[in-house]
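Below is one structure, written out as structure tokens, with a few remarks after it.
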Amino acid sequence: MLASASRERPGYTAGVAAPDLLDPKSAAQNSKPRLSFSAKPTVLASRVESDSAINVMKWKTVSTIFLVVVLYLIIGATVFKALEQPQEISQRTTIVIQKQNFIAQHACVNSTELDELIQQIVTAINAGIIPLGNNSNQVSHWDLGSSFFFAGTVITTIGFGNISPRTEGGKIFCIIYALLGIPLFGFLLAGVGDQLGTIFGKGIAKVEDTFIKWNVSQTKIRIISTIIFILFGCVLFVALPAVIFKHIEGWSALDAIYFVVITLTTIGFGDYVAGGSDIEYLDFYKPVVWFWILVGLAYFAAVLSMIGDWLRVISKKTKEEVGEFRAHAAEWTANVTAEFKETRRRLSVEIYDKFQRATSVKRKLSAELAGNHNQELTPCRRTLSVNHLTSEREVLPPLLKAESIYLNGLTPHCAAEDIAVIENMK
């Protein structure tokens, strides 16, 4: 069966192991699909499987990431609660005591009137009006410069929240304006990010050329150039603007850095907003701040894109290593299977040949003994005849040892006397 199976397989050659699927010479003679002709083997897969493996994240991975994010949120909530809740309780207690002291000192004002005044103040603050001083100290939040800055926060999706449309017409226009402006700003941000990436890329290339002259490894060069790129961007778009805001807005260094990071990451809490106080040249100051936001966002987008490229490269290398391992495992399995099949085929052929030889010897012995049954048989020949007749339905196992043939039922002494008979019949 094995021999027939080997003849049915096209291109099968007895005694030859499976062709090396990674060897170009042997692969050139084999028309069947192979792993690869390159030095780095890859695993064959259909286009659908490869696309799904590349573009679709597995549910197990999604679930793991989801659990990590939830755990991260729980940790953040715990830390923020521990840091901020005592301050909130202190502020609530302080305002209650101040209200009681104010009512005690001003008997003409009752608690209801005071609450109404406080509610109006809260409403004014929510509308972007700070009820301090007189009208001469008030700054409009809807002049041309402030409106330009607000429109910029809409399309950049920062949304500080210090001011917002209060009229129905303003809300409707803001919806339409955001839906059209956000994609437009996305194209602009991508273009500016590409230009910044090109500029920084040229600078990084010069730095790498300098380090190459010093015989530094490529990995160290890449790490050093990346660190220089990030540090230069942080100085240009974070540290320097923070110093400017600290000087112009009168904030502390921590508040200035806090505003810069919260703004450029498009979080935009709105607790700190540039241009919120009475500043000279305010109409020009806010548009300049918006252009800084544009370039800073482009820089952060370039950094995030670079990090994404790193992750893709790492993922690609990991997949290549796994694919190479699988290819070698498949090659090893194929070779072992081929060798096992070849060994089994050879054993089958040898056993079959020996069986045929034993059958032929048995037939010749039967014919010889049948022709000489009237002759006088020696005790050894009589033993051979009896054993042959009783074992006619069994296979006569040939035993080859020291180039001498011993038949079942013969002692070495008898075999020595009749060995010539067997040799003549072979």
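Placed from the backbone N, Cα and C atoms, the Cβ positions cover glycine too.
Taken from Swiss-Prot, the feature topological domain 'Cytoplasmic' covers 1-61 (among others), and the record attributes it to sequence analysis. Averaged across the topological domain 'Cytoplasmic' (1-61), pLDDT in this predicted model comes to 46.
The transmembrane segment annotation in Swiss-Prot covers 62-82 (among others).
Summarising the annotation, Swiss-Prot assigns region 'Selectivity filter 1' to 157-162.
The Cβ of Ile267 (K(+) 1 binding site) lies under 8 Å from the Cβ of Ile158, each of these being in the same chain and 6 or more residues away along the sequence. DSSP classifies Ile267 (K(+) 1 binding site) as coil under the three-state reduction. Look at Swiss-Prot and you will find Thr157, Ile158, Thr266, Ile267 tagged as K(+) 1 binding site.
Feature annotation from Swiss-Prot assigns transmembrane segment to 172-192 (among others).
Long-range contacts of the topological domain 'Cytoplasmic' (193-222) within the same chain: residues 228-229, 232-233, 295, 298-299, 301-302, 305-306, each at least 6 residues beyond the stretch ends and with a Cβ under 8 Å from a Cβ of the stretch. Per Swiss-Prot, the feature topological domain 'Cytoplasmic' maps to 193-222 (among others).
Sequence annotations record features per position, and here Swiss-Prot assigns transmembrane segment to 223-243 (among others).
As annotated by Swiss-Prot, region 'Selectivity filter 2' applies to 266-271.
Swiss-Prot lists 288-308 (among others) with the feature transmembrane segment, giving sequence analysis as the kind of evidence.
Annotation source Swiss-Prot lists topological domain 'Cytoplasmic' at 309-426 (among others), citing sequence analysis.
Here Swiss-Prot flags 337-385 as region 'Essential for chloroform and halothane sensitivity'.
Excluding Thr157, Ile158, Thr266, Ile267, which define the K(+) 1 site, the same chain contributes Thr153, Thr156, Gly159, Thr263, Thr265, Gly268 within 8 Å (Cβ to the Cβ centroid), listed in sequence order.
Sequence-distant contacts of the transmembrane segment (223-243), counting only residues of its own chain at least 6 positions beyond either end whose CB sits under 8 Å from a CB of the stretch, comprise 200, 203-204, 207-208, 211, 216, 253, 256-257, 259-261, 264, 292, 295-296, 299-300, 303, 306.
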